[in-house]
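Q: Encoded as structure tokens, here's the structure I'll be asking about.
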Amino acid sequence: MVVPAAAAPECGRREAAAAAAAAVFCRRGRGVVVPTVDMSAPAGRGELSRQVARACAGSGFFRAVNHGVPPRVSAAMDAAAAAFFVRAGAEKQLAGPPDPLGYGSRSIGANGDVGELEYLILHASPDAVARKASAIDREDPRRFSQVVNDYVEAVRQLACHVLDLLGEGLGLRDPTSLTRLITATDNDSLIRINHYPPSCAAAAGDHKSGGGPAPTAAIGFGEHTDPQILSVLRANDADGLQLLLPDAAAAGDSVWVPVPPDPSAFFVNVGDLLQALTNGRLVSIRHRVVVGTGKPRLSTIYFAAPPLHARISALPETVAAGAPRRYRAFTWAEYKRTMYTLRLSHNRLDLFHAGDGDGDAGVGDDDDHE
């Protein structure tokens, strides 16, 4: 079910009554309750598809429970990640530098962004994982590959389930069109593992403030949106993830709300490509990670992406006389090239606003290859 909230997004006339009772973020005092979706569909698949579509339209983010990913698969991924990050720095560097794949520390991208973290980025294909595995787990690279591949397969299935539900909830003529983008054999999906050690900067702030909250939280990973189609995140029980609510972002406010950790759940958020594909109906939410002085935070994110040649353009069902095309057509490769020239916090989609003479709406690729 979706956690009730005070206000609902626009969901179409048929869904208006349901949207009024089930909105996106429930405000309780100064806190915010993240929308929760039970993926086991206790009220039926039709209601589940509407719930997922409402959550992604209103906030671009939800907590998925009863998601079907086996706990043993998640536990094995956690153990493999922890075993890597506990290694000596020189040993971890053998899996780097991040170009953009591999091991990295503090530096995020090539444009000056830094954070209080270390990370490992892998392409989500078995062959790509195998090529890096010997530098990550020299004792048993095949074991590491198997753990990552099992995890990727389970989380990819969850991502596909979400995208199929979105296709149904949005009323697409072909509800599987979004899923086919990330299941193409040459998809560009990634797996990213972030490790945030307790922050010395935050500890210094605690000391200066007499043990109270640090005046300025240490930034583990700065403000950004995810560029791909969909992100599926799981983390341990350390907090740190924060969201910038869409209404606050539109008003130019910087009101960040914390997301309570839940290691048993997955957190799903809309990426830039999905916002473009749905002509802005679904929202790519801005988020960041702050680091405290408590326990380390370990998170694993599956970034579901299409092939590099995939053509990203608003789906026909999302364009109408009252809802003109917001973004011009582009390929994922073009979007990535632009992304690599910008700082982390840049609103990348602003550079792809539609102009006169853009092509027809649709989703596909440059050479009709899937």
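Heads up, the Cβ atoms here are built off N, Cα and C, so glycines get one too.
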Q: Out of Y196, Y327, Y335, Y340, which one does Swiss-Prot list together with R297, S299 for 2-oxoglutarate?
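A: Looking at Y196, Y327, Y335, Y340, the one Swiss-Prot places in the 2-oxoglutarate site next to R297, S299 is Y196.
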Q: If Swiss-Prot says H224, D226 bind Fe cation, which of H161, H287 does it name for the same site?
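A: Matched candidate out of H161, H287, per Swiss-Prot for Fe cation with H224, D226: H287.
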Q: Look up S299 (2-oxoglutarate binding site) in the DSSP assignment and report helix, strand or coil.
A: strand
Q: Could you find out if DSSP has Y196 (2-oxoglutarate binding site) as helix, strand or coil?
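A: Assignment for Y196 (2-oxoglutarate binding site) reads strand.
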Q: Give the sequence-ordered set of same-chain residues, not counting H224, D226, H287, with Cβ within 8 Å of the centre of the Cβ atoms defining the Fe cation site.
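A: Along the chain, the qualifying residues are E223, T225, S231, N269, S284, I285, R286, R288.
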Q: Within 10 Å of each Cβ, count the other Cβ atoms and name the one among the binding-site residues H224, H287 with the highest count.
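A: By the 10 Å Cβ neighbour count, H287 comes out on top.
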Q: Around the Cβ of Y196 (2-oxoglutarate binding site), how many other Cβ atoms lie within 10 Å? Please give the count over every shown protein chain.
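A: Other Cβ atoms within 10 Å of Y196 (2-oxoglutarate binding site): 25.
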Q: Work through the binding-site residues one by one (Y196, R297, S299) and name whichever has its CA nearest to the CA of D226 (Fe cation binding site).
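A: Looking at Cα distances from D226 (Fe cation binding site), the smallest one goes to S299.
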